[in-house]
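Notes to accompany the following structure.
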């Protein structure tokens, strides 16, 4: 039994456990969500003139807006819309970059239900135009992030649509993807992972 | 004096005038806003495998969300955020495309206050990475749309920051930009305008 004096609800140890449950990546105790880690990385890329990659805003259907006197407009009724594209895109050394970031609590596979069909279709179109498309997968309990190129993702997606398994095994992701190590700056250097891939293919 | 029987507030002629006031482009009476014309064009590009270009969702700061039983989440309080990038981006024949679309009711110039500094800075970064950046300007009363390459836009922006005029003269836009004719399909073939520009430079 643990007492919580002074209104404190958690000990430090509890907090860390809680954070892990909520998929925080622990970079030497610098707790941060997967999305925050990507945002920090993109910010690093921009400020260091490496690439210009942004997260798209969450698509929202706005129904009602109030314009109170002397203050800014307030959206009073709106609904979340299903995104028709991936969440991130931009440019890196002249190449168009387009990717989706997903996380799973699973320890042995990534469930494909995390991705929408129209996101696959979108990446397919972008890849055909010559863009670099991929998936970043965060296995939150393993504290591992992988970059899976779209060409491989689409193989597993097709396997599912043809009646095969509805997930990608971690072993498959380890084989086909690139592990992105946690670093201090940038947090998740996924573009370095892309370079690595290019070199190994040459 | 005009009477409005049956609760009708406008005659057909009035409506057309109203639409023009609200910047509708009249494509042989197919009334459509500038933004709708761009959306239709982008849809045409995607379905014809020409390019993959999307408008980014309006950035919104979500403050309060309700989850009513048996219905979808309702956003009850949210605020518009200033966009940190341009509104449109995507890929065309391997090239990253990034642009902003603006309209003006002015007949002789485009006021630069329509563009934010961070949008200029964003396009500068993207151009340095090898992206194709430009501004689409709709002169609503003239019913003319021009594509102005970022390299020229940045010249006029600099002129303003150095104490010069706060707008771009229509004559300057006619000189430096490319007129995009209204067509049936696609409505505003701005990528064709880009091709034209490339050819004239070769």
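Just so you know, glycine gets a Cβ as well, placed from its N, Cα and C.
Per TrEMBL, the candidate among A:113, A:119 that belongs to the Mg(2+) site alongside A:85, A:87, A:100 is A:119. With an 8 Å limit on C-beta distances, the binding-site residues from A:85, A:87, A:100 that reach chain B are A:85.
Across the structure, residue A:87 (Mg(2+) binding site) and residue A:102 (site 'Transition state stabilizer') are spaced 10 Å apart at their Cα atoms. In sequence order, A:83, A:86, A:88, A:98, A:99, A:116, A:122, A:123 are the same-chain residues whose CB sits within 8 A of the CB centroid of A:85, A:87, A:100, A:119, the residues recorded for Mg(2+) being left out. According to DSSP, residue A:85 (Mg(2+) binding site) is assigned to coil rather than to any helix or strand.
Cβ-based crowding with a 10 Å cutoff singles out A:100 as the top-ranked of the binding-site residues A:87, A:100.
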